[in-house]
Amino acid sequence: MGCCGSTQKTREWKPLEQRKCTDIPWLLLFILFNVGMLCICGFAIATGAASRLISGYDSYGNTCGQKNAKIPGIELSGRDHTSRKYVFFLDPCNIDILGRKIKSVALCVSKCPDAELKTYEDLTKFATVNGSDLCSYDVQPDAYSSHADRATKCPTLPVHPSASLPVFHRCIPVDISCYAKFAEAFITFVSDNSVVHRVIAGVMTSKEIIMGLCLLALVLSLILMVVIRYISLVLVWILTAVVVFGSIGGTGILWWLYVDQSKSVNATLPAMELEVAKDNQKALLIYAIAATVFTVILLLLMFFMRKRVALTIALFHVAGKVFTYLPLLALQPFWTFLTLMLFWVYWITVLLFLGTAGSPVQNNQTGLVEFRMDGPLQYMVWYHAVGLIWISEFILACQQMTVAGAVVTYYFTRDKSQMPFTPIVSSVLRLMRYHLGTVVKGAFIITLVEIPRLILTYIHSQLKGRENACARCMLKACICCLWCLEKCLAYLNMNAYIATAINSTNFCTSARDAFFILAENALRVAAINSVGDFVLFLGKVLIVSCTAFAGVLSLNYQREYTVWVLPLIIVCIFAFLVAHCFLSIFEIVVDVLFLCFAIDTKYNDGSPGREYYMDKALMEFVENTRKATERYNKSEGESREMKSMTGGTLA
């Protein structure tokens with residue numbers, strides 16, 4: 001709490017009384033940082049990196065599609081490539097696994113080969129007909145067959161058909177087997193190349209099913225949001241029953257599919273089909289065992305938490321009423337996702353610019369030209385990486401502050417008819433006018449913890465298999481501690497944003513006030529938030545399970561598809577991300593309501609002049625909680641009294 005400057009108790013809260021700008025120095029620092037990000041982008045464009053990225057360049061430093069200046073010491077540089085607009089790789093499937101790049105000579109050509117070329121005579125014919133030379137610039141087309149260095153200066157035969165990318169002018173092979181070799185650059189832990197080929201082929205052939213299942217996950221998330229809004233009273237019990245029966249039924253069906261798949265494994269099948277059938281059989285067995293273990297754990301958790309489900313119903317009912325008054329809350333994930341996507345596209349584009357920025361340098365081993373940044377300029381990539389984390393956290397924090405501001409306005413407005421016409425828009429305007437500095441500071445704190453965690457994770461991955469057991473244990477412990485600290489700070493940050501939305505105080509003051517309020521209501525936080533998070537987790541499980549189940553049925557119906565593993569993993573990850581985006585909004589609303597309720601009950605007692613802000617539904621929830629606590633205390637007191645009387649009688 002050092003940043004707060006004081007450890008005194010929270011002062012009286014004055015919700016929505018006066019607005020003032022908070023943490024202005026942090027906002028100015030953030031603006032200055034973003035100016036630096038823009039300068040990096042401008043530097044990359046000014047040095048020609050953007051042109052080299054989009055148009056492409058060959059292995060001699062020439063940019064395709066334009067006239068180039070001579071590079072001292074490079075014989076084939078300074079060529080006029082106005083008519084040669086596409087980059088062609090002599091061996092596009094030769095991947096540098098460690099460097100994650102194509103280890104091949106690149107040339108600028110006027111047309112990508114659209115048909116397979118099997119011989120050097122085919123290369124000569126293609127160059128003559130299309131005017132596109134596929135061998136090095138110093139080799140004439142009529143000498144392709146007889147040139148002494150044709151093995152290194154001409155493409156590897158056969159040349160697969162290729163097509164240029166829509167924006168980036170690169171000739172990319174259309175052969176699926178070559179895609180599998182591209183994937184090996186990222187899947188370095190797979191030693192069986194045939195497995196990689198079958199997995200990539202499975203993704204490519206089932207891409208329509210993958211897209212359909214991703215759309216299904218989006219629809220299910222929207223339906224669940226509608227259910228939460230309109231039937232929140234029975235949602236918990238319905239969701240619990242559906243998850244229980246769905247988990248048991250889904251596990252049973254997976255075992256049935258495994259038995260059915262086992263019957264289809266016949267030794268008389270062709271070798272390739274038999275291999276695929278065995279892979280699918282193993283995959284189904286793994287799915288069935290994992291589903292069984294997951295179902296058992298889920299049922300045990302639900303058994304031990306069954307007594308707290310009734311308390312969650314009332315709280316979800318109040319949150320459902322919030323969505324009735326603030327329907328635009330359901331659209332917040334769309335705007336946040338869109339903003340993040342736009343920023344990430346910009347960030348990746350600038351990163352690619354930086355990858356082609358710098359001065360041309362000849363590689364001593366290969367003799368080819370590479371673009372490198374020397375001196376202080378090479379640290380721009382690290383600056384750019386910090387910007388990715390800080391600005392991404394800033395965007396997510398803006399969503400939390402926007403939702404918090406809208407819900408706080410709803411809670412502390414006694415006459416709901418006097419609320420703004422669009423509380424979400426009003427909350428966004430307040431955020432932009434008063435509290436951007438607070439959001440910047442909260443995002444920066446998370447960034448300070450996330451950067452060392454990511455660095456340690458990277459070091460751990462690079463030293464995997466080379467460090468001793470003690471170092472490996474220490475690294476994992478540090479990564480785990482930083483992860484826990486990050487989650488705790490994220491939770492405190494969110495409550496600090498809520499406090500800022502209520503009192504319009506700076507970040508440190510809001511964090512201190514929110515911390516003391518939460519500490520005073522520690523048992524309520526544990527009882528309400530844990531159950532609420534568990535129910536929302538069940539909702540995510542339901543969406544992922546339904547999507548995965550539909551995927552298993554679809555892929556089982558179309559058995560000509562190959563390995564199921566990667567398509568199902570892609571679909572399940574997407575379904576979980578979509579469900580998390582939507583249900584996280586509901587979770588934020590519940591947390592905002594709880595903090596508002598805690599403040600309301602602390603400074604108001606229902607007497608004239610100090611009336612509660614909460615509505616009747618939340619009052620019923622409080623009353624039910626109080627009665628349950630009184631019954632528990634009473635039963636405990638009677639039990640102690642009976643023990644005392646029994647002890648006295650025995651004495």
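The chain as shown is numbered from 1 upward.
Cβ from N, Cα, C; glycine included.
Annotation source TrEMBL lists compositional bias 'Basic and acidic residues' at 630-643.
Summarising the annotation, TrEMBL assigns region 'Disordered' to 630-651.
Feature annotation from TrEMBL assigns transmembrane segment to 24-46 (among others).
The transmembrane segment feature in TrEMBL is assigned to 209-228 (among others).
Positions annotated as transmembrane segment by TrEMBL: 235-258 (among others).
Per TrEMBL, the feature transmembrane segment maps to 284-304 (among others).
What TrEMBL records for 309-328 (among others) is transmembrane segment.
What TrEMBL lists as transmembrane segment is 334-354 (among others).
What TrEMBL lists as transmembrane segment is 381-412 (among others).
Counting only same-chain residues 6+ beyond the ends of the transmembrane segment (432-456), those with a CB under 8 A from a CB of the stretch are 19-27, 29-30, 386, 389-391, 393-394, 396-398, 401, 475, 478-479, 482-483, 485-486, 489-490, 493, 496-497, 500-501, 504, 506-507, 510. Among the features that TrEMBL reports, transmembrane segment is placed at 432-456 (among others).
According to TrEMBL, the transmembrane segment annotation covers 534-555 (among others).
Taken from TrEMBL, the feature transmembrane segment applies to 561-583 (among others).
Only sequence-distant pairs (6 or more apart) were considered; of these, fewer than three Cβ pairs between the transmembrane segment (381-412) and the transmembrane segment (209-228) are under 8 A, so the stretches are not in contact. Same-chain residues lying 6 or more positions outside the transmembrane segment (209-228) and placing a CB less than 8 Å from one of its CB atoms are 203, 235, 238, 316, 319-320, 323, 330, 539, 542-544, 546-547, 550-551, 554-555, 558, 561, 567, 570-571, 574-575, 578-579, 581-583, 586. Away from its own ends, the transmembrane segment (24-46) comes close to residues 346, 350, 353-354, 357, 377, 380, 383-384, 387, 390-391, 394, 436-438, 440-441, 444, 507 of its chain (Cβ-Cβ under 8 Å, at least six residues beyond either end).
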